[in-house]
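Heads up: the structure comes next, in structure tokens.
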Amino acid sequence: MQLQFRSWMLAALTLLVVFLIFADISEIEEEIGNSGGRGTIRSAVNSLHSKSNRAEVVINGSSSPAVVDRSNESIKHNIQPASSKWRHNQTLSLRIRKQILKFLDAEKDISVLKGTLKPGDIIHYIFDRDSTMNVSQNLYELLPRTSPLKNKHFGTCAIVGNSGVLLNSGCGQEIDAHSFVIRCNLAPVQEYARDVGLKTDLVTMNPSVIQRAFEDLVNATWREKLLQRLHSLNGSILWIPAFMARGGKERVEWVNELILKHHVNVRTAYPSLRLLHAVRGYWLTNKVHIKRPTTGLLMYTLATRFCKQIYLYGFWPFPLDQNQNPVKYHYYDSLKYGYTSQASPHTMPLEFKALKSLHEQGALKLTVGQCDGAT
């Protein structure tokens with residue numbers, strides 16, 4: 001009788017956990033829907049659930065959700081100058097790596113591999129799960145056979161965000177000195193080299209970049225501009241989230257076609273279907289209540305797998321710097337701040353608060369001003 005009672009209790013608890021998980025997923029799907037998406041792919045959710053062991057909280061000490069006052073946040077997020085003492089906390093970094101491995105393995109999840117798909121296979125979009133795409137021949141040709149980061153380990157990694165706080169930072173030389181440099185969304189580097197550096201080992205490319213930065217390739221001039229940018233990568237990893245939303249399908253195919261037609265020397269990677277929700281699951285477990293992780297946070301989470309020390313540059317989601325000077329949203333364009341909108345899928349100030357906490361504990365180095373030696 002006692003055994004039967006325990007069995008019923010276990011079954012009830014299991015149902016409760018499943019209900020709470022799907023309630024959370026429904027909430028994020030509704031939020032994403034407000035910004036143009038529809039939801040998450042079931043297979044990705046199921047895969048995440050199979051690995052989501054609870055991790056030890058090391059980011060937010062409070063058990064309650066972090067609340068961010070957006071009135072004048074840059075004042076509250078002052079970080080010591082680059083020249084001040086910062087020491088890497090190797091113990092904490094290793095603990096975070098082990099925690100993240102309970103949710104995902106960056107070596108595997110960084111890209112779908114050729115052996116797992118074939119031309120014509122049907123894939124449900126992560127944010128438009130009622131919509132599907134067929135794996136094209138071009139996409140299949142560009143899928144890697146093995147992970148581009150298989151057995152890779154680096155002493156120091158730089159992750160370069162795109163905030164205007166990089167302007168006049170003089171961080172280019174310091175960034176280029178790192179073992180592995182990650183950049184976001186094909187951001188231009190040549191004309192900003194003094195502040196952002198030139199070295200690129202991995203660069204992300206959201207499909208929306210083709211619309212925003214290359215005018216949807218409306219003519220030969222814009223196609224040539226994109227082609228030049230791709231050629232400049234010269235063997236780097238080009239990380240394209242191809243399976244997120246239906247709206248990116250044509251743009252991904254355009255880029256794939258250009259790469260193949262012009263024999264561009266890049267190593268393409270297309271993140272796994274479960275990656276985004278696995279990353280979000282890790283941060284939620286650590287009480288960082290993000291809606292959808294930004295590219296920068298995704299890259300940091302992945303980098304913990306293969307980087308001993310991680311240095312962040314250009315992560316600053318506020319319109320004023322620490323001295324109350326105006327800061328451009330991106331260092332290279334005139335895009336406006338949009339994270340305060342209810343429709344925005346991102347919670348950048350909340351992410352920054354978590355990263356700042358990790359900086360203060362020595363798990364990562366966050367540079368938001370001038371670099372050492374900058375003049």
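The backbone N, Cα and C atoms fix where each Cβ goes, and this holds for glycine too.
Worth saying up front: this structure is predicted, and the values here are computed from it rather than measured.
Asn162 is the only one of Asn162, Asn219, Asn265 that Swiss-Prot places in the CMP-N-acetyl-beta-neuraminate site (with Asn185, Thr294, Thr295, Gly296, Trp316, Tyr329, His330). Per Swiss-Prot, the cysteine from Cys307, Cys371 that shares a disulfide bond with Cys157 is Cys307. Partner cysteine of Cys171, as given in Swiss-Prot, is Cys371 (from among Cys184, Cys371, disulfide bond). Around Cys171 (disulfide bond), the C-beta neighbours below 8 angstroms that are at least 6 residues distant in the chain are Asp195, Val196, Gly197, Tyr313, Thr367, Gln370, Cys371, Ala374. Distance between Cα atoms for Asn219 (N-linked glycosylation site) and Asn134 (N-linked glycosylation site): 26 Å, as a whole number. The 10 Å shell around the Cβ of Cys307 (disulfide bond) contains 26 further Cβ atoms across the protein chains shown. Ranking the glycosylation sites Asn89, Asn134 by other CB atoms within 10 A of the CB puts Asn134 at the bottom. Counting only the Cα atoms, the space from Cys307 (disulfide bond) to Asn89 (N-linked glycosylation site) is about 13 angstrom. Candidate recorded positions: Asn134, Cys157, Asn234. Nearest to Asn89 (N-linked glycosylation site) by Cα distance: Cys157.
If you measure from the Cα atom of Asn234 (N-linked glycosylation site) to that of Asn134 (N-linked glycosylation site), you get 29 Å.
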